[in-house]
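Beneath this line is the structure, given in C-alpha cells, with notes to follow.
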Amino acid sequence: MQRSIMSFFQPTKEGKAKKPEKETPSSIREKEPPPKVALKERNQVVPESDSPVKRTGRKVAQVLSCEGEDEDEAPGTPKVQKPVSDSEQSSPPSPDTCPENSPVFNCSSPMDISPSGFPKRRTARKQLPKRTIQDTLEEQNEDKTKTAKKRKKEEETPKESLAEAEDIKQKEEKEGDQLIVPSEPTKSPESVTLTKTENIPVCKAGVKLKPQEEEQSKPPARGAKTLSSFFTPRKPAVKTEVKQEESGTLRKEETKGTLDPANYNPSKNNYHPIEDACWKHGQKVPFLAVARTFEKIEEVSARLKMVETLSNLLRSVVALSPPDLLPVLYLSLNRLGPPQQGLELGVGDGVLLKAVAQATGRQLESIRAEVAEKGDVGLVAENSRSTQRLMLPPPPLTISGVFTKFCDIARLTGSASMAKKMDIIKGLFVACRHSEARYIARSLSGRLRLGLAEQSVLAALAQAVSLTPPGQEFPTVVVDAGKGKTAEARKMWLEEQGMILKQTFCEVPDLDRIIPVLLEHGLERLPEHCKLSPGVPLKPMLAHPTRGVSEVLKRFEEVDFTCEYKYDGQRAQIHVLEGGEVKIFSRNQEDNTGKYPDIISRIPKIKHPSVTSFILDTEAVAWDREKKQIQPFQVLTTRKRKEVDASEIQVQVCLYAFDLIYLNGESLVRQPLSRRRQLLRENFVETEGEFVFTTSLDTKDTEQIAEFLEQSVKDSCEGLMVKTLDVDATYEIAKRSHNWLKLKKDYLDGVGDTLDLVVIGAYLGRGKRAGRYGGFLLAAYDEESEELQAICKLGTGFSDEELEEHHQSLQALVLPTPRPYVRIDGAVAPDHWLDPSIVWEVKCADLSLSPIYPAARGLVDKEKGISLRFPRFIRVRKDKQPEQATTSNQVASLYRKQSQIQNQQSSDLDSDVEDY
C-alpha cells in the first residue's frame, strides 16, 4: 500500500497515549508525542529515504555519542529563541574542536568545515555539555510547554513593555535551567515585541553550570558589542537615538534645497535664495518650481508683488543653477528665443486637445466640453492629469528639459511633423505633476495668462541679479545685497539697477547675448559688454497721435521741429555688418531678409565707400516705376513673404530713409535728430524709385504745416510725422515718445488715431447683404490678462467686393465656440465665432463708456468698459499679429485724451503712461 509523504512525519501509534484527566509535568514530559517537523527539514536538509523509525533511532544514537547535541524535535523553540548570527550559522563548529562540558560560543572557523568540504550545521544546543537521552527528552518537553505558554501570553499582549520583558528574563534566569545566547532577532510576528529586549531566553538545558560557566553564558553588556557589527542588527531603541542625533547634526548642513518642489513658495517674505529653494547647487531647476512660481504670480494682481515673486525664483537660479537662467526667462516670456530667430511653437488648440486626451485617457469630446465650460485649456489639462496614476512614473520635468522639447516642436517641419509634435506633447503631459500640466498647455497655446509683460520680467531679472549678484563661488556669500538699506533707499537703488538693464535691452534686445554677459560680469558692467551693433534688431521709436496742428504747436512751442511725410508702408530696419552682410528686420524684429532680395542688391550703390557698417530706419513702400508714384499699402501686402526670387518680383519697393541709428561702429541713439539727419544725408546717396530721403519741412508756421499736411495726402501718404530737432531729440528705442507726433488728415475730425483691432466673430447679413457676413465683432488686446476684449461691432466702411472677399476668407476661420481667451461679457454673441488671427485697422468718430463691452473695463470706470462710436473699416493689417493689436491701456489713453481735449485740459497730456 502506497503511503503519503506526510505519513513519514507523523508519530507512530505506539507513541500515542490517552491523556489522563489530570497530568503532572513529569507525565507530560513522558507522554507528549514528538514534534511533527524535524529540524533538518526546517534547515532545508533533504530527508533521507530511511523510514521514520530508523531515522529516529539514528538521531538518538547521535545524541548519546555527540558532545552537547540535543534532540531535533522542538518546533516551538525557534519562535521564541533568538537565532544565532549569520556568521555563526554559516560556520558551525565540529564536535571535536570544542572542549567537553564547556559552553563555547565561538569556535575557530577552519574546523567548522567537514572533511567532505560541506559546512556543518550549528545550533545553540551544540554548545551544551553531554546529556542523557532521558534528560534531553524531559527538557525538550518542558521547554515546549513553557514556550507555548509564553507564545500565548505574547499573542494576548503583543505590545509588551520593555520592563515586563526584563522581569520575565530575570525570573527564568533564577530557575537555573536557561542559557542565553545573543543572536539575530527572528522575523516572526510573535517575536516582534521580544526583539526589543536585549536578553530573551533561547533554549533550555538540564545541566547546572559552574559559576565560571554561568558568567560566560551571560550576555555581553549593551556597550560591549562582542558580536560582529555587520551581521548583528542594531536594537531599535539605539537606532532611534542615532537617527535623532544624525538629524540634529545634519539639519544645518542640509537646509539647502531640501524642500519638496510641490511646497515651493517663492512669494514668502524674507525669501532666502538658497535655503528656501527646492533644489540643490548644481542640480537642474525643476519645472515644478517654475510652475509653483507661476501659480503664486497668478494668485496676485499687484505688479510689484508679481515682480518680487519672479525675482525670488531667479535669485535661486542665479545662486544654484546659473545655466538654467535663460530657459526660465524665455518660458516666463512665453518665447523660445529672440524674435529674429522666428521660433514659434505652432501648436493649434485642436492638436493640443488631442494630445491631452491621448495622454490622460479621456474622451476628446469630454475635454472640449470642459474647455468650453472653464475657458482655460491649462486648467483642463491639469485636472485631467491629476486623475491619472502611473505604475512607473517618468522622471520629474526640469526647466531645461521642457525648454528643449519646446524648441524641438518649433523646429519640426514636413508632412510627419504633426505626429512627432503630438508624441512630444504627450510625453510632456505624462510626466507632469501638480500644476505643471496647466502651464505646459498654456505655453503650447501661446498664452500663459500671468499678466507678466516683458518690462515686468526685465524688472524681476534686474532685481534678482542686484540682490544676489552672479559669479560668486558656492556657497554664495552675498544673498541680499540690499540688506541694511532703508526701504526708500532700497527702492531707489533697485529702480536704478532696473534702468541699466532696460536701457541695455533696448539697444540689445537679445537675451541670448545679455544673459551670459550678465552672469560673468554682473549688471553694473553690462553696458560695457552689450552695445548696439548691426545684426541685432532694435525695437523702433514710436510716435503719439495728435488731433490737430494747434496741438502740435502747443507741445513744441519753444523748440525747433521738423515735419516729415508719413509713408504708408512697412517699417524696414536695414543692418549692414562689417563684413558686408545685410539684414532686414520688421518693426517686430522679425527677419525679413529673404523677403527683399531687391533691396539687398541696392545696398552697395546707396552708400559712400567710406561706410562700412550702419543701421538705417526706413519705410518700405510699394512703388509704381512706370507712373513714378507710391502705390497703396494693400499692393505691398500681396508681395511674397519668404524665399523670394528677385526674378519673380512683381511689386517693386522704394525705401524712404528717415533716420540713421548706427554708423561705422558708433551708436547714434544719443545724438539729436538734427545730427543724425545730417550724417544720413552725408553718407548715403538717393536713387529715384529705390532709395530716397523722406520729404521734410522745418517750420513753425501754422499755415505752412496745414498746407504740407494736405500735400502729403495728395502724394499718397498717411499724413505727417512731427519731430523735435535738438531738444529731447534722441532716438528713444522701444518707446512711444511725445517728441514724435503723428498728424493724419483723418485725425482732424476723429479721435486722433486709428485702432488695430482683432476680428473675433461675424454676424450674418440681411437684406442686400444676405448670404454673406454683414457685421463683425472686434476686440482689443489686454496685455495683463492676455485676453481679447470685445470693443465694438463693425459694419461700415466695406465695399460689396470687400464684403464678399472677407466672407470667403473668413470661412476657414469659423469655430464652434470662442477661444478661451476671448471675452465678450454682455455683447451680442456673433452668429459665427472666428479664430482670432486677423487684425483690421479701424477708424471711429469717438470713444464712449459702455456697460456692455469689456474692453479697458476698470481702467477708466470700475464697472464700464470702452466702446467705439461709428467705427469704420480702413484696411487689413497683415503685418500685425493679434498680440500686436491696440491694447486696452491704449484704448483707455485715447479715451482720456479725448476727454481732456473736450474739457480743454491739454496740460495733462504729459501724464499719459509711456510704453517703457
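Each residue, glycine too, has its Cβ placed from N, Cα and C.
Annotated ATP-binding residues in Swiss-Prot are Glu564, Glu619, Lys723, Lys742, and among Arg571, Arg625, Arg736 the one listed with them is Arg571. Of the candidates Ser65, Ser108, Ser301, Ser417, Swiss-Prot records phosphoserine for Ser65; the remaining residues carry no such annotation there, which does not rule it out for them. In Swiss-Prot, the feature phosphoserine is attached to one residue out of Ser87, Ser907, namely Ser907. When Lys225, Lys296, Lys768 are compared in Swiss-Prot, the N6-acetyllysine annotation sits on Lys225. Per Swiss-Prot, the range carrying the annotation region 'Interaction with target DNA' out of 447-456, 527-536, 667-676 is 447-456. Packing around Glu619 (Mg(2+) 1 binding site) is summarised by its Cβ count: 20 other Cβ atoms lie within 10 angstroms of its Cβ, all protein chains included.
Remark: Lys566 (active site, N6-AMP-lysine intermediate) has Ser712, Cys717, Glu718, Gly719, Leu720, Met721, Lys742, Leu743, Lys744 as non-local neighbours, by Cβ distance under 8 Å and separation of at least 6 in sequence.
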